[in-house]
Each structure stands twice: as C-alpha cells, then as structure tokens.
Amino acid sequence: MAHRETNGSKLFITVLCMVAACSAVPINDLLDRASQRSDMLHSLSTTLTKDLSNHVPPVGWTMMPRPPLCHTSSLQTPNDKEQALQLSESDLMSLARSLLQAWQDPLVDLSNSANSLLHPSQSSISNKIRELQEHSKSLGDGLDILSGKMGPAAQAISSLPYRGSNDIGEDNISKLTNFHFLLSCFRRDSHKIDSFLKVLRCRAAKVQPEMC
C-alpha cells in the first residue's frame, strides 16, 4: 500500500511540475504549440477521411447524413476567416474548447468501431484514430492552461450532447457509412479549431489580420 501511495505521490508531483512549467511559458509559445497540434489533428482527420472515401459504396453515399446533422452543428461558429476575425480572443478560445470537448465520446466510439471495421486498411485506420484521441487529449490539456491565462470568458464551454452509441451500424455498409460521416464531422470541426487557434496566434504575435 505504501508503495502505491509513493507512486501516486510521484505522479501527482510530476503532473504539478508539468502544469507549473507550462504556466511559466509565454502565451505566444503556448499558442504556437496549440496551433501546431491542431494542424496535426486536422491533417490526420483529412487523411483518414480520404482513406475511407475510396471504400464507401455508392449506396453508402445515398444513406449518409448531411453535415447539418453533426452533433456540434447547433454551436454558432464563424462561417469564414473574416467572421472569425470579428470575435474576441475569449470567444475564439471558448469555441475551440467547446468543439474539442464535444468530441471526447465520439472519438471513443470511432476507436471502438475501428476495431471491427471491414476495410483493407483497418489496422492503419484504428491506429490513426488512436492518434486522433492522443492529439485531442494533448491539445485539450494545452487549451485548458491557455484559457486559464485568458480569464473566465475563455473558460466557458458550451454543452453539445452526443447521442451516439458504441455500435455505429448493424452491417458493414451502414457501419462504414456512419463511421465516415462521424469522421467527416470531426474533420470539419478540427478545421474550425485550427482556424480559431491560428487567429489567436496571429493576434498574440501582433501579425496583421490579412496575414493570418
């Protein structure tokens, strides 16, 4: 028992040291790191979506839900960069964190479903989904620290309920179709997150808006 408590204490101290170290890093550097991570997230989700697109049968495309049915669609977000540039830093951070948090459970469903997906690249897809989860967790931790530096408004998170399930389809076509749809929604949102963080990075570096 004492050994377990010692290990637990060491882990707690390690986490505290990591948080303290990150808290001492200038906000510009933290935004650079977050922007790099969000870029990786969007790039990986884009690659995954393309991999799946080649194997969705014609009937699958007719069955696929439209983007407005993504579970995050109720969140009011800028439609383009010009609109994003009109928002405050706190609003942009709040939107990015809300979108990222809304994907915690859906990414678990994607990971579980990837293990039984009938696809030539099933193993690769499964590994990449796990990478998405790791990058999302890492980015989320970073944004928690950043929002803490920016104040209460940046820490506000909008609730975006996800009503999915572990089983995203009864047969291979419906599973592949729903898997692709869910991943497409994530790709769309990862692009938004990446765009918001790039605007924040530009502002922190005092770069002209048109250069963002």
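Keep in mind that glycine also has a Cβ here, set from the backbone N, Cα and C atoms.
Residues annotated as signal peptide in Swiss-Prot: 1-24.
Among the features that Swiss-Prot reports, disulfide bond is placed at C70-C185 (among others). Classification of C70 (disulfide bond) by DSSP places it in coil, neither helical nor stranded. Here C70 (disulfide bond) comes close to C185, R188, D189: these same-chain residues lie at least six apart in sequence, with C-beta atoms under 8 angstroms from its C-beta.
Positions annotated as disulfide bond by Swiss-Prot, on the basis of similarity to another entry: C202-C212 (among others). In the three-state DSSP classification, C202 (disulfide bond) falls within a helix. In the shown protein chains, 18 other C-beta atoms lie within 10 A of the C-beta of C202 (disulfide bond).
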Exercise for the section: Enumerate same-chain residues with a sequence separation of six or more from C212 (disulfide bond) and a Cβ-Cβ distance below 8 A; give 'none' if the list is empty. Expected result: K81, L85, K198, V199, C202
